[in-house]
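Swiss-Prot has this to say about the protein:
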BINDING   96, 98, 159  Fe cation binding site
BINDING   169  2-oxoglutarate binding site
DOMAIN    78-178  domain 'Fe2OG dioxygenase'
């Protein structure tokens with residue numbers, strides 16, 4: 001499942017993040033690449049240990065913790081600290097798949113990458129190209145979202161970023177280890193939760209059907225979740 005999650009950051013929060021990011025020191029993006037990704041990657045990135053990356057990443061994680069749609073879709077167990085990249089002047093990232101396990105350098109913190117996320121930090125009309133293209137059995141899905149919006153997709157997907165030919169694309173990217181490892185199971189839970197929320201809004205939280213479906217949701221989560 002590929003999902004557009006709007007409004008993770010407000011316009012004011014995006015502006016605050018960009019003020020810090022634009023003044024930071026950026027390095028060759030291959031500093032964090034695996035061997036296969038390094039063959040396809042041409043962009044710039046903030047070093048993982050950068051104080052700016054930590055500060056802006058903390059702000060993003062705080063926003064994610066308050067975002068009900070993100071929690072419902074991802075069911076996060078662990079989130080890898082957000083990283084940051086920028087593309088300009090024809091920079092691109094060719095087709096690749098993300099590493100299955102991400103290790104935070106200098107620590108024993110590990111994340112199984114069940115889901116990948118890209119949070120856009122530049123408005124789409126400010127640059128040409130820079131589309132995130134995610135492949136699945138139904139074809140190629142493209143994302144180029146407003147600043148502050150996030151796209152979530154299975155980390156097992158082949159994906160690429162098209163060349164940026166005008167302006168600059170700035171984004172945060174990170175990985176999520178979900179409580180529910182299987183993408184199909186996680187998607188079913190998300191669909192069920194969405195319908196429960198809609199029914200609750202229509203009939204009220206005390207409606208017998210809402211209570212029954214909520215019980216089914218939690219029993220499925222109990223069956224499938226690692227916690």
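All positions are counted from 1 along the displayed chain.
Each residue, glycine too, has its Cβ placed from N, Cα and C.
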Fewest-neighbour residue among binding-site residues, criterion Cβ within 10 Å, set 96, 159, 169: 96
Nearest recorded site to residue 169 (2-oxoglutarate binding site) by CA-CA distance, among binding-site residues 96, 98, 159: 159
DSSP helix/strand/coil residue counts for the domain 'Fe2OG dioxygenase' (78-178): 3 helix, 56 strand, 42 coil
